[in-house]
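Presented below is the structure to which this report refers.
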Amino acid sequence: MEEEKKKSRVLIIGATGRLGNYLTRFSIESGHPTFALIRNTTLSDKLKSLSDAGVTLLKGSLEDEGSLAEAVSKVDVVISAIPSKHVLDQKLLVRVIKQAGSIKRFIPAEYGANPDKTQVSDLDHDFYSKKSEIRHMIESEGIPYTYICCGLFMRVLLPSLVQPGLQSPPTDKVTVFGDGNVKAVFVNDVDVAAFTIKTIDDPRTLNKTLYLSPPGNICSMNDLVELWEGKIEKKLEKTFATENQLLKKIKETPYPDNMEMVFIYSVFIKGDHTYFDIESCGGVNGTELYPDVKYMTVSEFLDTLL
């Protein structure tokens, strides 16, 4: 009976990043023996804080097979939270996990739109195809997995009310992309971490994609504008930008400066977060599985911008 209750041992890769730090803390708070792979053993304030919380720090990197193998041998679950630009650096990790043969679950660095469902492959400079490549490698190697798809972090697009180039929401005029009715999903990164840690020992999420689509966080541009107008008690002057106008702007703007607009095109024109049904494509809904997890709503996030 005691063995059944034993919590999985967890290795976090990318523990000093924003999401990785949240993941590490929730893992420890949930009672999982937690390890963090770190490049430098010199204790920064962040690392000291993790160590003081009970995290075991292991020196190593995604390029060093020996250190990876040693770290993987100590745990049951591996969670990667490395930045998207380094996503292909997980290839050696996948091979090491395969060779170890003892990992019960691998959660790769995704935490966005489902890369196999997005419709912007000609625009995104392989942003999503690299994530798909890691997925297909995991599955072809027969590694147990859970993928976390959370739409967009709230700190992406929302602080400007989806106005490219702005750092804060508009107070007079707003540009609405498309007809303004296509819905996107936004989740705060600390909440993404909380849901992710919940999946670790849950058989319902094994070899599944966990979608986070919290009620109150699925919003169209028209919804966002209406919410914001209510908070500032003022109507904004709306201008509508067509799909072709947005595409033209994306193509005229050099990479990576155009990626903000690529995300806007993906979610508010193509509907890449919401055009498919979660259950019918084999996914599971995080807010239904874990109704106890409290999360920030879009309205609450907009309150922080006032």
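Cβ coordinates come from backbone N, Cα and C, glycine included.
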Recorded NADP(+) site member, picked from ARG39, ARG105, that accompanies GLY14, ALA15, THR16, GLY17, ARG18, LEU19, GLY20, LYS46, ARG135 in Swiss-Prot: ARG39
Winner by Cβ contact number (other Cβ atoms within 10 Å) across the recorded positions ARG18, LYS46, LYS131: LYS131
Same-chain residues at least 6 apart in sequence whose Cβ lies under 8 Å from GLY20 (NADP(+) binding site): ILE12, ILE13, GLY14, ALA36, ALA81, ILE82
DSSP state at GLY20 (NADP(+) binding site), helix/strand/coil: helix
Number of other Cβ atoms within 10 Å of the Cβ of THR16 (NADP(+) binding site) across all protein chains: 17
Among GLY14, ALA15, THR16, GLY17, ARG18, LEU19, GLY20, ARG39, LYS46, ARG135, the record's NADP(+) binders - longest CA distance, Å: 30
